[in-house]
Amino acid sequence: MSVTSSPHRSGSVAVIGRPNVGKSTLTNALVGAKVSIVSNRPQTTRHRLLGIATFPEGQLVLVDTPGLHREQKRAMNRVMNRAARGSLEGVDAAVLVIEAGRWDEEDTLAFRVLSDAEVPVVLVVNKVDRLKDKTALLPFLAQVSEGRTFAAVHPVSALKRKGLEALVGDLLKLVPEAEAMFGEDEITDRSQRFLAGELVREQLMRQLGEELPYATTVEIERFAEDGALLRIGAVIWVEREGQKAIVIGKGGTRLKEIGGKARLQMERLFGAKVFLETWVRVREGWSDDEAALKAFGYE
């Protein structure tokens, strides 16, 4: 991607929004690599992570976050909201991602959180390619912008990589003149071990869809290099025996499909052959247990 911005700039940008507006898809598109998992299921992103987007003119350290939502019943929901709010600490700017043609209470919540942070906010109106009536876009932008201040407004399609060049140009203007914080080849601050767990979780959501129990997480129990081979052991945690049966599937076919597709994604991302083993285990009530959440890596 070619952008015009001089001199060299570098800074951090929080990517904020309600669930399922395409924050992770946008982060991946700007980075140029898959650092955040994506699915059609809301609240796919559960952890805060950095995506590092490097251009000739500068570097943007994108803080991808869980979607801000009103659900607070489980400890896991509260932890995810804390992670999203905490991502604003020390950033130079923020991106508010919304869906073209839609603004609801959770979008308002996200905007209020950003208003309290006192950083410049760029509004990114994503999924414009899905808007059936294109003439409705400008009135929608005017409606959303009324009474709200944005440093810039960008309609984009993160999935189709449309409108991103102008967005990058404006974001680089909002970060300070500085040397890059990360090397050119670095794309995330997260370890391969963490990414392996996320790729298994992504396949859980893709393969099970609406059948997937909400209280499902993945723990990487083993991650070891064996010559040119990566040996990875992944535990899928659920809360009840019935949920375990759903994940495993008849004769283990569903678990095999999940593991096979996750392994291919790992090999593509890590550039190495992967031997992946997966198990499903039960831990009752883990999603509402602060100690269990901490043990599973939730911030």
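Each residue, glycine too, has its Cβ placed from N, Cα and C.
Per Swiss-Prot, these features apply:
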- 9-177: domain 'Era-type G' (DOMAIN)
- 200-284: domain 'KH type-2' (DOMAIN)
- 17-24: region 'G1' (REGION)
- 43-47: region 'G2' (REGION)
- 64-67: region 'G3' (REGION)
Within the region 'G1' (17-24), residues counted as helix, strand or coil by DSSP: 2 helix, 0 strand, 6 coil
Segment-level pLDDT (mean, integer) for the domain 'Era-type G' (9-177): 88
DSSP-derived helix, strand and coil totals, residue by residue, for the domain 'KH type-2' (200-284): 41 helix, 30 strand, 14 coil
